Every structure is written in C-alpha cells, then in structure tokens.
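Have a look at the structure below before the remarks.
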C-alpha cells in the first residue's frame, strides 16, 4: 500500500477514534444509507426498460403468451389485472414475431369493459368511439359463441344524430364470420345473425346488415337481408305443396309417370292494416230527441223613408205584415260499424298451373272434367287471375323403356345369381352328405372287421395257466393278460371282460408292429416253455 494512502487511512482512523458514541452512530448510518443508495442506483440503471408487448388481453389469450415467455426465459411483468404484458423494450418486436409464428392470435378485450378505463377528462369524441367499439365487441363475442363460428368481427357505421329529419341517415353494419373447418352456414343461421345484429342497434334495419365469411363469400347483402330469402323459400314450399297434391291425384287417374305438373305462384308478403267505419240509420226506430221551433211576427203601417236629400222620391209605406218561421230538429239513432282488417303476409296473389298428360293414358278422359279437377285440387281462383292449362301430348317413352329394360336385366341378373348360389349350396350339401355316408360305411366295415377278429375261435383246451416270462414292455403286457391263474375259454359273445381283452389284444398288435423282434423272442420263449 502506498505511504500516502496509509497515512491518510491512519488519520481517518484517528479522527474516528476521537468521535463520540453518537457521532460514530450517525457516521455508520450515513455510510449505510450511502451504500444502499449506490446499490439501488446500480440496480435501477441495470434494470431493462420495460414496454408493453400486448395490452387489454383476455385471460385465455394472455396465458399461452406468458407460458411461451417463461419457456424462453424472457423477463416479463403483468399489469392491468393481467391484461397487459410488459417485456424489455429491446425484445418487443422479436417476441411479437415469435408469437405470430407460433400460431397464437391474441385478441384484445372488447365489449363494455372498455368503458371501465374512461376518465373524467375523456372527450366526447373518445366517448363515442369507445362506445362504438364496445358495441362491436359485445356483438362479436355473442356471434363467436354460436355453434360453428370460430371468430366473428362486427363493424358498425353509426351516423351522428341530427335535428333535421331530411339529413338523418340510417346506421349500417358489416359482419365478418370465420366458420369452423368443414362448417357451412344455412340461410336460417345467416338470417338469425342478421336479426340479432339489427335488433341490437337502434334504428338498424335488417336490409342494412351485410355478412361475409372468411372465403370472401357474401352470405347476405343489403338487398337480401330484409327477408327475401325466407320469402323465396316460402314460395318454393307453396309451389311444391300444390304440385305434390295435383301430381298425386293425376298418378291415380292416368298412372305414375303419365302426367307432369308445373306450378308457378306469386305470393304477397306485404302486411297491410285497414280500419273502416260505416254509418246507417233505421227509419223505423223512434228518434232520440225531437224539437220544433216556431217564430211569428206581426208588423204595423209606419212612416217610411230613406236618408238623403229631400228631392229624392220616396216609396210609399207598406201595409201591416205577418212573419212566421218554423224549424224542426230531430236526432235519430245511428248504427256505427268499425271494421279493422289486418292482412297477413304470404297470401297468394296469383298462380298458374300447367299440366301435360300422356295421350295414350288419357285417351278416354274428358279434358274439361280433368281441368276442373286440377283447378279444384290446386285451389284456383279465377277472380284473382289464376290460370290452368291442361294439355294432352304424346310422351317420349324411350327413357322409360330403357329404364324398364335395365331394371328387368338387373332383376334377371339378381335372380340368376341367387339361383347359382342355391345350386352351389345344394352341391356343397350333397358333397358333405356323400362324404359322411362314405365315412360311415368305412367305419362300419372297419368295426365289423375288428369284431370278426375278436370272435375268432380259440383251440379247446388252450389256457394261459403258465406264467410267461417277463421281458421288457411285452412281459408287462402279458402279465396284464394273465391276471388270473387260469383263464376260461372266450365266450361266443363279448361282454365287458371281452371288450377289455380286445383292447389289450390291440395293444399287443400295436406293440408287435412297433417292436417285432422283441415280440418274436417272447413268443418263442413262451412256446419253448409250453412244449417242455
């Protein structure tokens, strides 16, 4: 250590030794505070600057992003109730690219929760925009909960309110739907989406709602969103119902396929409401009130004249006059009829029916009567301009004949296949039966042969009263054959003992076949023993 530094350090220690206890305590506290400040400053300087990776995330979207950051060791912080993810500023863009490449699609929170963060200093414009975003988010969340919808986005065009009626504009909406893979929306589902969106926004009409899918297909347009699809469907159903009724009747009259029916209907889908009042009086009924007023006046002959110069001729005065006036007032009872009529949409405005009947099938029919029957079955009303046309034509039967020939050929092939299958089964059964019979005959012959071999006569006086020598397996078998000291002659019929002896005989024969030399030696010894 240098001498100067040692000297300075010694002077410092000497000065500290001269401190009192309070001074030493304050000095230690000052040094500790200084060290803590230096450490905090170093930590603050070394801490990376955090920036928002994503904000206003739903918990379901924030969870996979947090798991990915933790797996890669990236420091992160969660703020705003877990909806905002903060990471070092130098890694924001790289992590966003990694999140996009991993297939995670974070969606910011929407709906009325956006209104929770509005402060007192928010401008009117910000309030309107936030409210519009909240409506769009709520509608998108609800549409996204429908079956078959993976994601939904709603864009609203809400015009500003105006005090002038001529300048008022109607709101409109555009709906983007991403269906689940393999899902196709029906007209009823699209109509339900349109009705839901239009009913959620004040003043929004169904015809002003457009719906498209992820493939760019327009599911409904402003011209068709008002319900014309349902109208067309109802018209088609009505035409199909009338066609079916007329066709069923003609099939029973001229035969199936001998008549063709075509129906074209025009339905009125306008809903009208009308209120009418009519008044009528009955002269036979006494009036409610009746009053008669009479005025009469008698006048005397007075001098008459006119204002003006004296040289003007003045007519002579009139004689006494009589004035009479009579008036009558009568209040009669009046009948009042109020009629309120509501016409429901879907009424038939006009329909036309065209029927073509085969000439051969309808040769004996009266076409006038047939036309009346068709008109009655279809509900034709001539007053509204309905038209019925029934024609008798020669039908082209080539296709029917070809179809009948094909059906006959198919039936013949099916019958032939069934017949061949039956023959095959019969042949198989016959072969099995013949095989069983042959097997039974062979088994019977073999059994008969075995019985004949068992029933061969044994020379009288031949006994196995001598104990044969035992030699290997043959000796053991002969010991089993000679279990008694003396064995009687075999009876002519087999009993249980005979069957057992036959079994032992078969064993001896089998043993002789397998070991002929040993059996020959045993028999040779047996014969030598009996001869001696």
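A Cβ is built for glycine as well, from the same backbone N, Cα and C atoms used for every other residue.
Small disclaimer: the values here were computed from a predicted structure and weren't measured.
If one looks beyond the coiled coil (393-420) by at least 6 residues along the same chain, the residues whose Cβ comes under 8 Å of a Cβ in the stretch are 257-258, 356-360. The coiled coil annotation in TrEMBL covers 393-420.
TrEMBL lists 294-304 with the feature compositional bias 'Polar residues'.
What TrEMBL lists as domain 'Flagellar M-ring N-terminal' is 46-220.
Positions annotated as domain 'Flagellar M-ring C-terminal' by TrEMBL: 250-395. Summarising model confidence by region, the domain 'Flagellar M-ring C-terminal' (250-395) averages a pLDDT of 81.
Among the features that TrEMBL reports, region 'Disordered' is placed at 272-320.
Residues or ranges marked as transmembrane segment in TrEMBL: 26-46 (among others). For the transmembrane segment (26-46), the residues of the chain that approach it from at least six positions outside its boundaries are 16, 19, judged by C-beta separation under 8 angstroms.
The transmembrane segment annotation in TrEMBL covers 422-443 (among others).
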